[in-house]
């Protein structure tokens, strides 16, 4: 089947769209990909909604407005990769993720998206897992396993978006996955606050700073890091701790500390065996300071996923195209080893377009 996957991450920068050909078990090919960047006003509205999400009512007028608007933006992203497609995999925009209270909330009107694209839309990928006691994240490991079938193991795939997560793939088919801690999220927020830029381009600001090891130790001294995998977190989970640890630092030293925090948290993830290779996806792979920090932690080569021919900018969107096909076939989206769900579990909900308007 040909699927179009859509992913809008917690960095709130836009929506990625990508075409993938798959049966939900193997990847036969990939097609066009594109990113539709959100305008500044939409990013600001989403950031405010994310901050308000714990107390938000489902009928909140701003929520309903953004629910519709996000579907419009995602339909525009589909048009950017316009291709023969059988289904759309629509992750939606996460505004709340609290699996310990069995809550996860992704917004975006899937029915409106189905109407706009005239395609079946699979959405709500995480709720079934969370309701069953799983962490609801990460969901990429089965896709990573399909892509990496021919690669040497053990292999570690690291995705650094707003949150960082890993997939560890063993030599006899073992899979382990979890969120590791903050990704680009705290660093982006820091850079925006102190320089006005959207992110630390090439890691230049962090590279100019010095890491205060005592502050880094305090950041890593959080009970969450002692929890066994699988585990997941919300983008804002460490906000108070980060604010306290960075207080009084220069822009460069704060950026350096947050880069070190991201890398140290990834390296602290409990792995069954050391990887022979570390492949990095997500926006973090463009940050030279993060990549250098990871190389100091791992004995294995640390490379962007492009080193094995994967498209790091399209990978997450491709993943949700892959998962959409799995959902259509009733195949599991999560495993005990990836989200902590008690048994392999299917998920996602399907919305089909109604009759076209006259």
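Glycine too: its Cβ is placed from the backbone N, Cα and C atoms.
As recorded in Swiss-Prot:
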BINDING   9, 10, 11, 12, 13, 14, 15, 16  ATP binding site
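Here the features listed in Swiss-Prot are painted onto the structure.
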residue	record	Cβ within 10 Å
9	ATP binding site	24
10	ATP binding site	21
11	ATP binding site	20
12	ATP binding site	22
13	ATP binding site	20
14	ATP binding site	19
15	ATP binding site	26
16	ATP binding site	24
Task: CB-centroid shell, 8 A cutoff, ATP site 9, 10, 11, 12, 13, 14, 15, 16, site residues removed - done: 7, 8, 38, 161, 162
Task: For residue 14 (ATP binding site), the three-state class that DSSP assigns - done: strand
- [ ] Return one of helix, strand or coil for residue 9 (ATP binding site), based on DSSP.
- [x] coil
